[in-house]
Amino acid sequence: MQTTTISEGHTDLHHSTFDPHHNLKESDKHNERIEVRVGSSASDSRAVSISDLKSQTKRQRLRARVQFATICGSMYLAGWNDGTTGPLLPRIQKVYGLNFIVVSLIFVFACVGFLSGAFANLYLDGRFGFGKARTACQVIAYAIEAGALPFPAFVLGYAMNGFGLALQFTQSNGFVASLKDKPEVKMGILHAVSAGALSSPLAATQFAQLPHWSFHYLCSLGIAFMNTVFLIAVFGLKAQDECLAQIGQPAGEKGTSEQSQFSQILRLREVHLLAFFILIYVGVEVTVGGWMVTYIIDVRGGGPSSGYISSGFFGGIMIGRVGLLWVNKKASLYPIYSTQHRSPRSQVGERRVLFIYAILAIGLELIVWLVPSIIGGGVAISIIGIIFGPMYPIAMMHAVRILPEWLVTGNLIWIAGFGQAGSAFLPFLNGAIATKMRIKSLQPFLISMMVLMIVLWALMPGTARRSQ
């Protein structure tokens with residue numbers, strides 16, 4: 001095992017043999033010495049911060065909870081946005097008189113916004129503070145969409161919304177991944193709280209049947225405005241390191257490379273594999289939530305209440321991200337050495353568990369495709385949501401394990417931002433295919449994308465990388 005020792009500004013690399021009897025508390029005796037272990041779990045690599053957590057005051061612990069709750073509220077809005085389009089899509093087509101490929105321009109403009117936000121965030125976050133850059137975009141976007149303006153202006157609102165969502169996803173994921181106190185659990189909870197995708201279809205399905213269907217976006221506007229107020233009140237437009245210092249957590253490990261952070265990120269193969277995996281995953285998730293309602297109505301003969309199937313899917317995702325936390329915890333990728341028993345526990349591995357989740361999802365998608373039952377299909381879609389739930393947090397925490405710690409936040413900003421473009425790109429691609437082959441092409445399209453997810457995950461390295 002390779003050990004990187006950083007002492008008084010000097011970096012030395014040497015090889016040593018891993019000793020499971022090594023006393024992790026030795027680092028507490030040397031304030032000037034930090035050791036980063038390659039091939040260890042995330043909890044091992046952050047053992048040096050345990051003493052910092054124990055020294056937190058009661059006020060700092062309370063502030064940490066408030067910060068995390070505010071981040072979760074921010075992700076609720078992101079989930080709300082994802083669950084809105086599906087139930088409204090048939091109504092948007094009817095109001096504007098559009099075919100599948102033209103209405104899919106909604107997703108194209110959102111994709112442009114996502115990609116722009118992913119690139120811009122590496123610049124904006126360091127100069128304008130945590131949360132400041134993203135607060136105005138979504139309020140303006142929902143105001144445009146609520147007016148049901150001509151279609152070109154309507155899709156422009158989706159572009160602005162995509163830009164804001166990219167900042168929201170990337171900053172939220174980067175902040176939670178930087179926490180030292182149970183980041184894996186909090187990452188799962190964070191993405192479970194994107195339960196706005198469960199509640200928004202319930203509202204959007206009702207608005208889709210009303211004359212003023214676009215007033216649904218006024219609900220979105222209200223949530224976005226409250227989100228803005230809470231972000232400013234809690235984080236005060238400070239940078240991430242300042243916000244972490246407020247809860248008694250020191251700044252993380254810093255790299256010594258003279259290259260820019262962006263240049264270092266783009267040189268890592270693992271980052272691009274994870275980014276494309278997240279792109280496909282998010283794209284499949286939003287394609288199911290966005291196009292499945294249209295599929296059920298057109299192919300299975302479902303009625304206007306078919307929009308509730310989208311709620312079942314996103315509700316399944318929420319349940320999976322919380323309910324399967326214990327499975328993911330048992331399935332830690334790296335062997336964990338107990339300080340009491342001094343012996344490695346045999347575990348399946350989160351990396352391998354994700355393969356199991358993906359294969360099960362493909363099997364259930366075949367049921368939706370081949371079994372002509374609305375009820376059976378709806379139940380299968382909800383179970384797919386449960387299985388899909390843990391995948392995103394697993395991938396994010398895997399990134400924390402295998403990438404250099406001083407680049408973790410920047411890496412997650414790029415992975416989440418670029419990957420979030422999948423929520424626009426894949427639904428548009430499906431719409432373009434459906435224009436020529438009708439919406440019945442949805443199921444083979446989804447299955448092929450799930451297979452691609454498995455291939456990308458198989459290419460993912462399973463060992464930690466710590467390079468300068």
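Every residue, even glycine, has its Cβ placed from backbone N, Cα and C.
Look at TrEMBL and you will find 1-31 tagged as region 'Disordered'.
Taken from TrEMBL, the feature compositional bias 'Basic and acidic residues' covers 9-31.
According to TrEMBL, the transmembrane segment annotation covers 62-80 (among others).
The transmembrane segment annotation in TrEMBL covers 100-124 (among others).
Residues or ranges marked as transmembrane segment in TrEMBL: 214-237 (among others).
Outside the transmembrane segment (273-297), and at least 6 residues removed from its termini, the chain residues within Cβ reach (under 8 Å) are 82-83, 85-87, 89-90, 107, 197, 201, 303, 306-307, 309-310, 313-314, 317, 374, 377-378, 381, 384-385, 388, 391-392, 395, 398-399, 411, 414-416, 418-427, 430-431, 434, 439-440, 442-443, 445-446, 449-450, 452-453, 456-457, 459-460. Marked as transmembrane segment by TrEMBL: 273-297 (among others).
The list of residues near the transmembrane segment (309-327) in space but at least 6 beyond its ends in sequence, with Cβ under 8 angstroms from a Cβ of it, reads 79, 82-83, 86-87, 185, 188-189, 191-195, 197-199, 201-202, 205, 285, 288-290, 292-293, 296, 302, 353, 377-379, 381-390, 392-393. If you look up TrEMBL, you'll see 309-327 (among others) marked as transmembrane segment.
Sequence annotations record features per position, and here TrEMBL assigns transmembrane segment to 353-371 (among others).
As annotated by TrEMBL, transmembrane segment applies to 407-429 (among others).
Residues or ranges marked as transmembrane segment by TrEMBL: 441-460 (among others).
Recorded stretches compared: 353-371, 407-429, 441-460; the one with the most Cβ pairs under 8 Å to the transmembrane segment (100-124) is 407-429. Scored on C-beta pairs under 8 angstroms, the neighbour of the transmembrane segment (353-371) with the top count among 62-80, 214-237, 407-429, 441-460 is 441-460.
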